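Asks: Would you mind keeping the following structure in view while I ask a few things?
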C-alpha cells in the first residue's frame, strides 16, 4: 500500500445487525459509502465523504460507528473547509468500530485526534451517558489548556459545541442539562465533583428539567445538594401529578408537602389574579387542579377567569376537559375585549352560544372597545 495516503475515517449509524446508514462495505468503495435506503431505493451521493483523524472530534454530527478510510495517491480529493470533510470518487474502507467505545476514543486521541474543539462530542457523550469518555476528554485536555482546573477546561470544551443551541449561552452547564434530560446521574455527579456549582434559585432550570423528565434519583440528588422540593410554586409536585408519576408524588409527600393544600393555594392564586403571573404558570396550575379530580363547579369558575383574562390555552384545555362554556363566559370575554376567546367559544363544536344574548350585549361591547374585527365577526357570525 505504498501509494496510500494517511488514514481518514467515515461515520456510520447502526440500523440493525449488519446494516448501517450509510451503507458499510469493507474494501474498495466507489460512490457507495452514502447509499441510503429510501422507499426500497438506494440513491447515491456524488462522492464518498470522510474526515481526517485530526478533525474527527470537530464534527457537528457523529455516528454510532466509524471505519478507517484509505485513499490511493492517484485518486483526486476535495475538501470542504466548513464541514472539515474530504471527498473522493474512490476509497478503501477498513474495519468498522464502535465510536462511543472508550478504547476507540482513546485510540483516536493517541493517534492525533484534536480535542481542543470537541464540545459537540462532550455533549453527545453526556447525552449517551458515556461517563468514561466525558472524563477522558476533560482529562486529556490538560495538554491543550495547561494551568486550568478540570472544571475550567470542561467549560472551554463545552463552549465550542454547536448542536444543543437551545441550551447555549444561558449561564448553565450544558452537559449537566443534557445529562438530566437523558437521566444520566453519573454525568451530573461528575461535573459537580470537579467543582460545578448549580444555582438553587427558585426557578432553577436544572431542577425543572429533572422534574420534567421524571428521574427520581436525580431529583433526590439535587435536593441533597441544596435544591428546594417546593421551589417555583411546587413545580415538581404539579408536573409529577400531571404526568402521572405517582412514585415522585409519594416521595414529595414523604417530605411533608400536602397536595390538597397546594390545590387550594393554586385556586386562590388563579382566582385573585396577578398581572405578574405568566399565562403558562396559570395553565400549569389549571392542569394540576384538574388532574387532582376537583369538582366541575371549580373548573367552571376557572373557565370564567380564563375567558376574562384571555387565557386561550387554558380555555381550550378546560373545554376539552368537558367544561362547557356558557353565555356568561361569552359576555365576560366580550366585556374584557378578549376577541380570541370570543372566537374560540363561539366556534367550538356543540357550544351554540347566543351571540345576541342580553339585547346584543356582545355587539355593544365590541363597539365600545372599538374592536372592528370583533364587530365584523359578530355581524357575519354563522353557527357551525
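Here the Cβ of each residue, glycine as well, is placed from N, Cα and C on the backbone.
This is the feature table in Swiss-Prot:
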REPEAT    88-117  repeat 'ANK 1'
REPEAT    119-146  repeat 'ANK 2'
REPEAT    171-200  repeat 'ANK 3'
REPEAT    202-231  repeat 'ANK 4'
REPEAT    233-261  repeat 'ANK 5'
REPEAT    298-324  repeat 'ANK 6'
REPEAT    325-357  repeat 'ANK 7'
Asks: At a C-beta cut-off of under 8 Å, are there same-chain residues at least 6 beyond the repeat 'ANK 6' (298-324) that contact it? List them, or none.
Replies: 267, 270-271, 273, 279, 282-283, 286-287, 289-290, 330, 332-333, 335-336, 338, 340-341, 344-345, 348, 350-351
Asks: Taking DSSP states H, G and I as helix and E and B as strand, how many residues of the repeat 'ANK 2' (119-146) are helix, strand and coil?
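Replies: Helix, strand, coil within the repeat 'ANK 2' (119-146): 20 helix, 0 strand, 8 coil.
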Asks: Could you put numbers on the helix, strand and coil content of the repeat 'ANK 5' (233-261), residue by residue per DSSP?
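Replies: Reading the DSSP string over the repeat 'ANK 5' (233-261) gives 22 helix, 0 strand, 7 coil.
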Asks: What does the DSSP secondary structure composition of the repeat 'ANK 4' (202-231) look like, as residue counts for helix, strand and coil?
Replies: 19 helix, 0 strand, 11 coil
Asks: Per DSSP, what is the residue tally for the repeat 'ANK 7' (325-357) in helix, strand and coil?
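Replies: Helix/strand/coil tally for the repeat 'ANK 7' (325-357): 19 helix, 0 strand, 14 coil.
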Asks: At a C-beta cut-off of under 8 Å, are there same-chain residues at least 6 beyond the repeat 'ANK 7' (325-357) that contact it? List them, or none.
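Replies: Sequence-distant neighbours of the repeat 'ANK 7' (325-357): 303-304, 306-310, 312, 315-316, 319, 363, 365-366, 369, 371, 373-374, 377-378, 381, 383-384.
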